[in-house]
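**Q** Dumping what TrEMBL says about this protein:
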DOMAIN    B:83-296  domain 'ABC transmembrane type-1'
TRANSMEM  B:21-48  transmembrane segment
TRANSMEM  B:86-106  transmembrane segment
TRANSMEM  B:118-141  transmembrane segment
TRANSMEM  B:168-190  transmembrane segment
TRANSMEM  B:222-242  transmembrane segment
TRANSMEM  B:277-297  transmembrane segment
Amino acid sequence: MQRKKATAVFAAGAAILSLTLAACGGGSGSANTSTSGSASGASSSATGGYPAAAKEITFWGWAPGYDKAVEAFNSSQSAIKVKYEEISPGAKGGYEKMLNSVKANQGTCLAQVGYETLTSFAAQGALEDVSSYAKSSESEFAPGAWNSVKIGEAVYGAPVDQGPMALFYNKKVFEKYGIAVPTTWAEYQAAGKTLKEKSSGKVSLTSSYLNYDFAGFTWQASAPWFGVEGDSWKVSISSDATNKVSAYWDGLVKDGVISKAPMWDQSWYTGLSDGTIATHVGAVWIAGILKGDAKGGSGDWAVAPMPQWNAGDTAVGNVGGSASAVLKGCSDPEAAWTFAHWMSTDKDAFAGLVDSAALYPAATALLDLPALAKEDPYFGGQKIFDVFKDASGKVVTGWTWGPNMPETVKTLDDQLGKTWSGTQTFEEATKATQEKTVSDLKAQGLSVAE
Amino acid sequence: MTTPTLRTSGGARRRATRSAWLFLLPFALLFLLMYLVPLGFAVVQSLFKLQRSGLGLSAPTLTFDPAFNYGRLFGDADFIASLGRVVVFGVVQVPIMLGLALFLALLIDSRSAKLKGFYRLAAFLPYAVPGVISAVMWSFLYSPVTSPLNNALQDAFGFTLPFFSESWVLWSVANIVTWGWTGYNMLIIYSSLQTVPTEVIEADRLDGASSWRIAWSIKIPMVRPALILTTILSIIGSAQLYNEPAVLQPLSGGTITKTFTPLMSAQAQAAAQNYPYAAAQAVVIAVLVGVLSITFFKITNRGDK
């Protein structure tokens with residue numbers, strides 16, 4: 001009897017030991033990082049030695065250059081002290097960290113939240129309504145961007161940037177093979193085939209696109225994934241308009257012009273650097289990614305307007321763009337708004353963000369910043385922001401994000417992964433995502449109109 | 001049960017008990033706070049239903065509905081598939097890894113082995129590399145674009161290995177786990193081999209037993225406890241498979257989904273902010289691992305008698 005009990009205790013002990021070890025060593029779990037982050041935050045604020053009168057707020061983000069903007073703000077005044085902490089990008093665990101922090105009531109005030117995720121944050125009750133301070137600033141921002149930070153009458157933060165799309169292409173490679181810059185999707189596909197033939201398979205037209213990068217294509221095609229009908233969500237990830245986009249990309253996969261290097265992987269940066277991935281259709285901030293992580297391509301790249309479905313059209317999609325959102329539980333939402341508004345509208349601060357992250361301002365007064373009119377040596381001296389200035393006015397309206405985007409895009413990415421590797425079609429992928437999303441939303445009690 | 005007898009005993013004994021408790025206190029406290037409390041919290045949370053309504057643009061509410069999450073879980077084809085996947089993984093990978101570990105331990109322990117220290121360290125070294133780092137390293141070797149392995153194969157023989165195909169991907173993961181953990185298990189078995197009395201081995205040798213015979217009939221039976229321990233740890237490890245598939249996921253072309261393993265599935269639910277459902281999945285994993293470990297231990301113990 002005693003023996004048997006000891007046996008069970010031993011087994012349980014072994015189970016417990018390894019469970020706890022696994023929990024500590026996990027590393028990729030967001031809970032770990034969030035607690036350690038807050039611990040270091042607490043200790044540094046305790047020893048910071050700032051004047052007691054200053055209101056202190058914490059700001060979480062990942063865009064390169066935010067740290068410098070915070071420094072500039074702190075040295076420009078003494079009433080508010082902003083403490084910036086760089087965290088993982090939202091989709092790579094940053095959003096979970098923020099939501100966990102709100103849940104744990106840690107009092108983090110401001111966070112970089114992409115427009116696509118803002119609705120999901122609001123649906124978790126994770127945001128603070130700052131409309132009482134913010135309302136008067138509405139006219140300072142582009143209408144599309146302002147709409148992205150408000151739901152109903154509530155305003156949840158300051159829009160920072162927008163993500164109008166364009167065609168990034170390796171000019172040197174295009175010239176080498178004598179290919180004209182494509183203006184339509186049909187020409188784009190033809191360019192891919194020519195590249196493949198003339199380089200005997202070495203140069204790929206582009207790489208695979210997941211989640212929001214893929215959504216940009218359906219955005220351009222006026223195929224919004226979500227909508228609101230009365231008191232219900234309308235889910236339209238799979239639709240006739242999406243199917244047009246799907247069929248097109250199926251064709252490209254079949255042509256074999258898509259690189260096997262997944263976007264954001266080291267092999268992707270390498271491909272962009274050495275010219276084996278010839279184009280990327282993406283938002284303005286891709287310029288910052290190219291300059292930062294594909295340094296070998298310096299001088300080779302150029303920017304052209306996004307390819308169109310019909311010659312002469314001018315529709316543009318959007319990827320990303322983010323706000324400095326005020327999180328629930330912030331001790332001083334007014335101070336948080338003050339800083340957020342300052343960072344989005346201050347000329348010098350934003351010039352820094354243009355240089356370091358190629359952010360395109362949401363504040364209309366900043367659109368004639370000198371930094372946006374500079375010739376960029378990385379792009380062979382091209383004034384690339386001219387293209388985006390034109391594009392930002394042509395972004396298709398009517399796009400709505402759903403109430404649980406983190407869940408939706410995880411489902412979507414599982415499906416798209418299979419599609420890019422050629423084992424199913426994009427139509428099947430979007431259909432499966434649609435079905436799963438509807439059932440997930442219903443399982444949580446949300447009302448969905450079909 | 002034991003306290004009444006202690007209360008009646010002398011002061012010296014009481015003091016000894018008190019110091020024993022004092023020594024236990026740091027562990028007991030950590031065990032309570034870091035293990036039992038979160039465990040209890042997870043169990044409690046799993047009994048609630050996350051409820052939203054309409055457009056759901058305000059914070060969701062929790063309602064007590066003990067059967068809801070567990071009911072959903074057994075109808076969740078993805079979660080059930082993930083359980084099946086780690087069972088297949090465990091049944092195949094654990095025996096291979098432990099067989100390899102035992103073989104290496106016996107080799108290093110054998111009388112004629114040279115450079116014991118070097119081989120012990122070499123076999124153990126992969127374990128010293130943190131799991132995530134080794135997965136990143138292997139992801140370079142598996143990568144559809146950069147894989148030096150596949151590039152070499154392509155150049156020499158004109159074919160490549162489909163590391164991420166539907167039928168290969170689980171074994172690509174198993175390979176990383178085996179690489180990382182064989183040395184660790186070997187070390188446990190090896191230290192157990194050190195406790196085999198040399199007189200016994202010598203006596204066998206005098207009786208004319210070969211090295212193979214000694215290994216099979218003497219050494220292996222004597223390191224049985226170590227083999228049982230490593231098996232249980234490996235069963236638990238298989239059930240908790242997470243790091244390797246999570247790192248490989250972006251490269252996998254969709255064959256490693258967000259619900260590839262039970263822990264990934266629970267993590268995906270937590271990421272979607274459905275903590276009650278994530279908690280229910282975690283509780284089910286913990287119960288299954290507990291039952292499995294105890295069952296294995298009981299079966300192996302019965303054989304002893």
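Quick reminder: no glycine exception, Cβ is built from N, Cα and C everywhere.
Show me how these features fit into the structure around them.
**A** Beyond the transmembrane segment (B:21-48), the same-chain residues lying 6 or more positions past its ends with a Cβ under 8 Å from any Cβ of the stretch are 62-66, 69-70, 275-277, 279-280, 282-283, 286.
Long-range contacts of the transmembrane segment (B:86-106) within the same chain, counting only residues at least 6 positions beyond its ends with a Cβ under 8 Å from a Cβ of the stretch, are 119, 123, 170-171, 173-174, 177-178, 181-183, 185-187, 189-190, 193, 215, 219-220, 223, 227, 230-231, 234-235, 238-239, 241, 261-262.
Long-range contacts of the transmembrane segment (B:118-141) within the same chain, counting only residues at least 6 positions beyond its ends with a Cβ under 8 Å from a Cβ of the stretch, are 104, 107-108, 147-149, 172, 175-176, 179-184, 186-187, 190, 243-244, 246-248, 251.
Within the same chain, residues 86, 89-90, 93-94, 97-98, 101-102, 105, 173, 177, 181, 185, 188-189, 191-193, 195-196, 261-264, 267, 285, 288-289, 292-293, 296-297, 300 sit at least 6 positions outside the transmembrane segment (B:222-242) and bring their C-beta atoms closer than 8 Å to a C-beta of that stretch.
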